[in-house]
Amino acid sequence: MALTKQTARKSTGGKAPRKQLATKATRKSAPSTGGVKKPHRYRPGTVALREIRRYQKSTELLIRKLPFQRLVREIAQDFKTDLRFQSAAIGALQEASEAYLVGLFEDTNLCAIHAKRVTIMPKDIQLARRIRGERA
């Protein structure tokens with residue numbers, strides 16, 4: 001986000017600062033004895049942008065192998081029982097699935113940007129799929 005220059009404005013009056021009570025002044029000036037330091041937090045969006053750059057650079061699979069394998073076996077169970085899979089077959093399915101999902105999210109992001117938003121919503125996914133011709 002670009003920094004904007006702030007111009008000085010003439011004051012139009014207002015309330016004069018009141019004198020602080022003695023107890024308030026001593027409370028403010030006394031150092032805190034707790035010494036508990038707040039954990040460092042990045043500004044909203046900083047970590048998200050860092051993750052975007054990290055995942056765009058990388059080529060590794062993003063979905064864990066075993067949960068994906070269980071999902072494939074569960075879906076295949078509906079069509080035929082006692083199916084066996086080569087590990088290369090599940091690897092190929094995972095590569096194709098992740099490539100499809102990444103492409104769908106790219107198109108979904110474009111739909112959100114077109115609607116002047118930065119947050120993707122289910123309606124963006126539906127629009128992206130409809131434009132692709134996957135769902136009428």
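Here the Cβ of each residue, glycine as well, is placed from N, Cα and C on the backbone.
Taken verbatim from Swiss-Prot:
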COMPBIAS  1-10  compositional bias 'Polar residues'
MOD_RES   Lys5  N6-(2-hydroxyisobutyryl)lysine
MOD_RES   Lys5  allysine
MOD_RES   Lys10  N6-lactoyllysine
MOD_RES   Ser11  phosphoserine
MOD_RES   Lys15  N6-(beta-hydroxybutyryl)lysine
MOD_RES   Arg18  asymmetric dimethylarginine
MOD_RES   Lys19  N6-(2-hydroxyisobutyryl)lysine
MOD_RES   Lys19  N6-(beta-hydroxybutyryl)lysine
MOD_RES   Lys24  N6-lactoyllysine
MOD_RES   Lys80  N6-acetyllysine
MOD_RES   Thr81  phosphothreonine
MOD_RES   Lys123  N6-(2-hydroxyisobutyryl)lysine
REGION    1-44  region 'Disordered'
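Cβ-based neighbour count (10 Å, all protein chains) for Thr81 (phosphothreonine) stands at 7. DSSP classifies Lys123 (N6-(2-hydroxyisobutyryl)lysine) as helix under the three-state reduction. A gap of 36 Å separates the Cα atoms of Lys123 (N6-(2-hydroxyisobutyryl)lysine) and Thr81 (phosphothreonine).
Across the modified residues listed here (Lys80, Lys123), the residue whose Cβ sits among the most other Cβ atoms within 10 Å is Lys123.
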